[in-house]
Every structure is written in C-alpha cells, then in structure tokens.
Amino acid sequence: MNYATQMEAARKGIITREMETVARKEMVDPAKLRELIAEGRVVIPANKNHASLDPCGIGQGLRTKINVNLGVSRDCCNIGMELEKARLAIELKADAIMDLSCYGRTEEFRRRLIEMSPAAVGTVPVYDAVGFYGKELKEISAEEFLGVVEKHAQDGVDFMTIHAGINRETAARFKKNPRLTNIVSRGGSLLFAWMELNGRENPFYEYFDELLEICRKYDVTISLGDACRPGSVKDATDASQIQELIVLGELTKRAWEKDVQVMIEGPGHMPLNEIIPNMLLEKKLCHGAPFYVLGPLVTDVAPGYDHITSAIGGAIAAASGADFLCYVTPAEHLRLPTLEDMKEGIIASRIAAHAADIAKGVPGARQWDDKMSEARRNLDWQKMFELALDPEKARRYRAESQPESEDTCTMCGKMCAVRNMNRVLSGAGPDG
C-alpha cells in the first residue's frame, strides 16, 4: 500500500476499497468521490486498526450522516449498559458512535466498542487524559495529551474531536466578549482551564504538527472541535465562535498539507434565522470541509424535548450545508440517556437528516418517500411497515387500535379519503 491516508490515496489517483464501498452505498461515481476526498470535501473515517469497520463517507453530495454519543461517567459507569446502547445504535442504523467516556480507565470499553462496531468510532482524547494518567488537570503535560491521542489511534479510533481552535488568541477574544453561558464544550472548558492554570498555549494548537503525524500514521480523521460553540441562543454567532472558526479554517489547511482528513464541528444553540448563514460561514472559512453539527438546538426552553429542538435545527442545517448531525436525546441537559432516550434521539436525527437529503437531492432519498406514498395509496400496510423509519413503532400503533375494516384505520374509518378515492376511481362506490 503506497499511501498513508484516504486523502493521500485520492490525491494519487487511487480508488481505495473504502472508496469503492462508499460509492456503491451512496450511488455515486467512484472517480467523483475520489476527487471530493482529494479536495477535502468528503472524508471516510477509517482507522487502519478498526477491523470490523463498514466504511461510510461524510461530506458533499452524500447522504447526511448521524452520530450517537455514549460512554461511562462517574455517576453511571456500567460498561455493559453502554455496550447495549452501542448495539441499539447499530440496530437503528447510526452511522457513527462516539465514546465520550470521562471516568476512570476507559480502554476496556473503547476496545470492546471498536471490536463490535461496524460504524465509525470517535472519541475526545482530552476527556480521557485525567483518568488515564491519574493526575490533576494542571499537572498533565502537552506530551501526555498527545500520548492519549496516540493510544486511541492505536486502539482503532476512526475520528477524534480535537479542540485545537481555542488558542490563546481565541481565549483572549472570549474574555473580552462576555457570554451568557461561557464555554459549554466539556473538552473546550478543560483546555481553557489548563491554559489558565499553566499560563501556556493550548497543547493541541502548539503541537498541531505532531498531532498530524499521529493521525497520518493511523489514518485518523480529525474532527476539529468547537470549544466556543454557543450554549444558548443568545451566544450564537458571537465573536468567540467566529474567531475559533477562523482558526479551524487555518488548521484545516495545515492538516490537508499532511494528507490528514478533517471535519469541522459546529453549533450548538442557535436561532432558526442564523442557521443558514452559519452553514455558509463554515463552508467559506473552512474551505468546504465537511461540517458536523450538534443540533443546532433552536430554543433553550424545552428540556425533555431537546431531540425535537435539535431535529428542527438539524434539518435546516443539513439542508443548507451540514453533512453530519450529532444526535440529541430527550435527556439532553438533564441526565445520561437511557435506551429509550437514545432511540428517540436517533429516530429524530434520522428524520432530520432524511428531510434534508430530500431537499439536497441526494440519490435515493426521494425514492424512499415515493415508495411509502405508493404503499399508502394501495393501503398496503405491510409494505408501509417495511418502509417505515421505525417499523416497530408503526406496527405497534396499528395493532393497538384495530379498525372495523382492514383497508382503513381508526382515524377515519370508512371515511378514509385514500380508500374512497381508490374505490371511486375504480368504478365502485365509496361505501362497502
């Protein structure tokens, strides 16, 4: 193999096995896909050590992907439950899974997740640093932060969130421009604290070239984290967020010079009317790199329903340029999600992604809806269930409320418009 990364292969004119797989699944020309990867507009997160991976592409012209977050915390450290969540995520067709474990030594869970998961696996190495070294945050050295990155890469992690954009300049901008909710990124807040405690530059920014060497070695895709993403609609599109985005655009070019694949992470909480301009800003400032957004959540007042606030924003974001949606569950801001919370979050994100794909004209997107509409016209319940995004729920609702006649439902009964139009157009009367 005469290439280190998917990007290097693409730039050398090589169509890799991973590119062929993605092109087939996405119904796109492999040569065109290779060009987009060479330009940095599409990534295929595919660590060389992730043997169970079924590769997927993220970026321009492809189906909008969704990510599921899970992992152990100090208060909830049941590895078995988190692995069960991973199995559910795979069953519900999540495209990626991020292990956000932030308590104890996490190698066992991470390795088991990578071993079982055909979906791309991501991590945030800075979360793991404190537990891995058993030190106070202030005492962790820059070299030790990089050591955790290498450990995750060796284990087979496909993409890593690296908060390199909150450098001293970005931090100074944040201090000069007060925010309602300060820094809400967990990794961003840890690095800001480390910088303040030590009076030093962000180690991931200062040693970005060394970071790139690790990522190139294992073909880890860097997901450049948005430490200054807005945590409230009031803080959206402010000086800190835009300053960091400019830095991320500069870091993107540096990564591409080393043939390292890059995604950009984005907001966050944001009013509806600011979503489309933000998608344009990211694509402009970050040179067309794939955009990975958390939501955006379009209002702050719906705890318990943030899978809905996120799906609303996610659909608009993806229709106007975002490529990758991080799911949000009803438990957001409240607790670690349960299996049922996860399912609701995944389904909501998949709805948002699919709605955006229809708008973008992604191959195959509209055809799925046309097949469903045909099944509805024919009152073919089994076909409707097969095509449903959540077949189990559709079947359960139908079974729980049985109509008098099989060709109706309990909403309209024999006044069903679809049934009666079928009968009238075939020459029969509406009753019978």
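Every residue, even glycine, has its Cβ placed from backbone N, Cα and C.
Quantities reported herein were computed from a predicted structural model and do not represent experimental measurements.
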Same substrate site per Swiss-Prot - residue from Glu35, Glu39, Glu257, Glu265 joining Asn69, Met98, Tyr127, His163, Ser185, Arg186, Gly187, Asp226, Ala227, Cys228, Arg229, Tyr292:
Glu265
DSSP output for Tyr127 (substrate binding site) maps to helix
If you count Cβ atoms within 10 Å of each one, which of the binding-site residues Tyr127, Tyr292 comes out on top?
Tyr292
Enter the number of other CB atoms within 10 angstroms of the CB of Asn69 (substrate binding site).
22
Are any of Tyr127, Ala227, Arg229, Cys416 (the binding-site residues) within 10 Å of His269 (Zn(2+) binding site) when you go C-alpha to C-alpha, and if so which?
Arg229
Across the record's substrate-binding residues Asn69, Met98, Tyr127, His163, Ser185, Arg186, Gly187, Asp226, Ala227, Cys228, Arg229, Glu265, Tyr292, the largest CA-CA distance in angstrom?
20
